[in-house]
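**Q** Feature list, courtesy of TrEMBL:
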type     : residues : note
COMPBIAS : 336-346  : compositional bias 'Basic and acidic residues'
COMPBIAS : 347-362  : compositional bias 'Polar residues'
REGION   : 336-362  : region 'Disordered'
TRANSMEM : 45-63    : transmembrane segment
TRANSMEM : 83-105   : transmembrane segment
TRANSMEM : 112-134  : transmembrane segment
TRANSMEM : 140-163  : transmembrane segment
TRANSMEM : 175-195  : transmembrane segment
TRANSMEM : 207-229  : transmembrane segment
TRANSMEM : 241-260  : transmembrane segment
TRANSMEM : 306-326  : transmembrane segment
Amino acid sequence: MQTYLLSQQFNGSFLAENSTTCPENATICDGTSCVLPEDNFNETLSVVLSTVLTIMLALVMFSMGCNVELKNFLGHIKRPWGIFVGFLCQFGIMPLTAFLLSVAFNILPIQAVVVLIMGCCPGGTASNVIAYWVDGDMDLSISMTTCSTLLAMGMMPLCLFIYTKMWTDSDAIVLPYDSIGISLVALVIPVSLGIFVNHKWPTKAKIILKVGSIVGAILIVLIAVVGGILYKGSWIISPKLWIIGTIFPAAGYLLGFFLARLSGLSWHRCRTVSLETGMQNTQLCSTIVQLSFSPEQLELMFTFPLIYSIFQLLFALLILGGYRLYRRHRVKTKTDVEKTEQKEESTSNAKINGGFVSNETK
């Protein structure tokens, strides 16, 4: 039907000039009506890129696993205080924030639902890559991502049931449990292999980790660019969704950090929980949206997961840049203090040694 309507629009201009001529690639032509073949470029590109990105993601998660110590990882599982704080952030803070933003901006019901779906999704694997670059707790990061993906099978339906009542029937939302399961398998298997490599060959694991962290950074940017190419025709949406897409990830990062700090976690774990909270599995959100709504409804909200993805990446890069500047300044300051202490010590020694000062401390 869509192809036929497009052909009719084409007929209005083309056949007005020559009513007996059809394009060479027309599949049906009777002189007054031409039906053109569907353009499968986007569909083919999506399949190819999805395959490539899945393979790259598995390799990245394998390299991230090479930075995980089995003893520390099991320690988080046995004493799951950090994981519990992450759970509160992931399925407590994020859905509530999504609900409050939807009410505050008074968006359409269908738009509020997609914002809530995003808030109820588990953490994304990109958080593991950024956590590595900000010297976070990789053992906690991996365990949080794994646990949130596993718990999403039960927590997503519960959160959507609680928060979407005022806008739609939660039964209308289709949860792709197979996609969640695939995400879990794609996370657990490569990470497990990485942990095994780190346990057996720690030297080789460090090399794999360095390569994988660079590939992971490239992959994050690539996913955002690919999304922009595939869905370039869906960018015209309500400005309110743009604003929410900007505020939402920033709120997730900040609230996650503050709750982790209030819970008594160390600074590097606070950074980890913050990233795990703000960075959502946007691919899963897009899948749920496509399975649950009609093409007419998708026009109003389909691009929101991509908008969220762009801004969660942008804020993550700002966090990374700020942390790197802080670290460089801190190391520089610490070095200056050490030099000053050494000079003062040498001066005091000079008084004892009759005024002699070593050339190394001048």
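The backbone N, Cα and C atoms fix where each Cβ goes, glycine too.
The structure displayed is predicted, hence computed values, not measured ones.
Explain the structural surroundings of these features, please.
**A** Sequence-distant contacts of the transmembrane segment (140-163) (same chain, six or more residues past either end, CB-CB distance under 8 Å): 64-65, 68, 73, 76-77, 80, 82-83, 86-87, 90-91, 95-96, 98-99, 116-117, 119-125, 127-128, 131-132, 170, 173, 175, 177, 180-181, 183-184, 187-188, 191, 269, 272-273, 275-276, 281.
Packing against the transmembrane segment (175-195) from elsewhere in the chain are residues 54, 57-59, 61-68, 70, 73, 122, 125, 142, 145-146, 149-150, 152-153, 156-157, 160, 205, 208, 281, 284, 287-288, 291: each is 6 or more residues past its ends and has a CB under 8 Å from a CB in it.
Residues of the same chain lying 6 or more positions beyond the ends of the transmembrane segment (241-260) and with a Cβ under 8 Å from any Cβ of it are 85, 88-89, 93-94, 97-98, 101-102, 105, 107, 111, 115, 118-119, 269-280, 301, 303-304, 307-308, 310-312, 315-316, 319.
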